[in-house]
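Colleague: From TrEMBL, here are the annotated features:
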- 107: active site, nucleophile (ACT_SITE)
- 111: active site, proton donor (ACT_SITE)
- 27-221: domain 'GH16' (DOMAIN)
- 115: N-linked glycosylation site (CARBOHYD)
- 1-30: signal peptide (SIGNAL)
């Protein structure tokens, strides 16, 4: 692709997304990590700072760290601003996801797979329903996610799940129960995040190992926001409850998937020799 056309496309999309993100910030207040989350492991490697407005996770040779929400959610919009591990992050994984518990759990995943300095992070997404996943799509981002905070969002309603980065849709998973595809709709889920060592698979299939001389590795979180049926009045209809993609949204999704997607299970014919999953035969937009 030519550099000029690429620059103009990126600029146009970012202007729109920043405008919408600013409107969202004016109409919703950030959560408080003291009030909304518990540390799940790592002890003092997980730190809540600035009166509950900032949370950092750290990974060293002995342990990673993580947190989870105090509340469970059944449908809603979840926003979190994250700044990822900088420098040589190879071997590390920063996970941010919704999940229920048990063998038949539901799960909606963002996972950020670290890389050598100068090489792009891989954003790994997946959807589990009734314990079954294997619906991976992976992307490179159009910015350096270690230089500043960026907003990673999940919109989850009864019709679809939308993954967004800085309010730009990167993936949509539709409710296709009518053709036998399970959809997460009955199990409330908590928000989880963790920073951990996965150098047996995370970077180039495990070929590149974690460089512990760079430890501790740090990921930072701020401006958590959640909108659910429990946070809205009975008479208030929040946009997330029926949110889909309009024509500009579909164009932005197409732009991301055409230029930045690096793996799509729906295109992996070798993985599914008996035929692609049923949802892959429907339009992704």
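Even glycines carry a Cβ here, placed using N, Cα and C.
Tell me about the setting of these features in this model.
Modeller: Of all the Cβ atoms in the protein chains shown, 19 others lie within 10 Å of the Cβ of residue 111 (active site, proton donor).
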Colleague: Using C-alpha atoms only, work out the spacing between residue 115 (N-linked glycosylation site) and residue 107 (active site, nucleophile) and round it to an integer in Å.
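Modeller: Approximately 25 Å lies between the Cα of residue 115 (N-linked glycosylation site) and that of residue 107 (active site, nucleophile).
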Colleague: Looking at the recorded positions 107, 115, which sits with the largest number of other Cβ atoms within 10 Å of its Cβ?
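Modeller: The largest 10 Å Cβ neighbour count belongs to 115.
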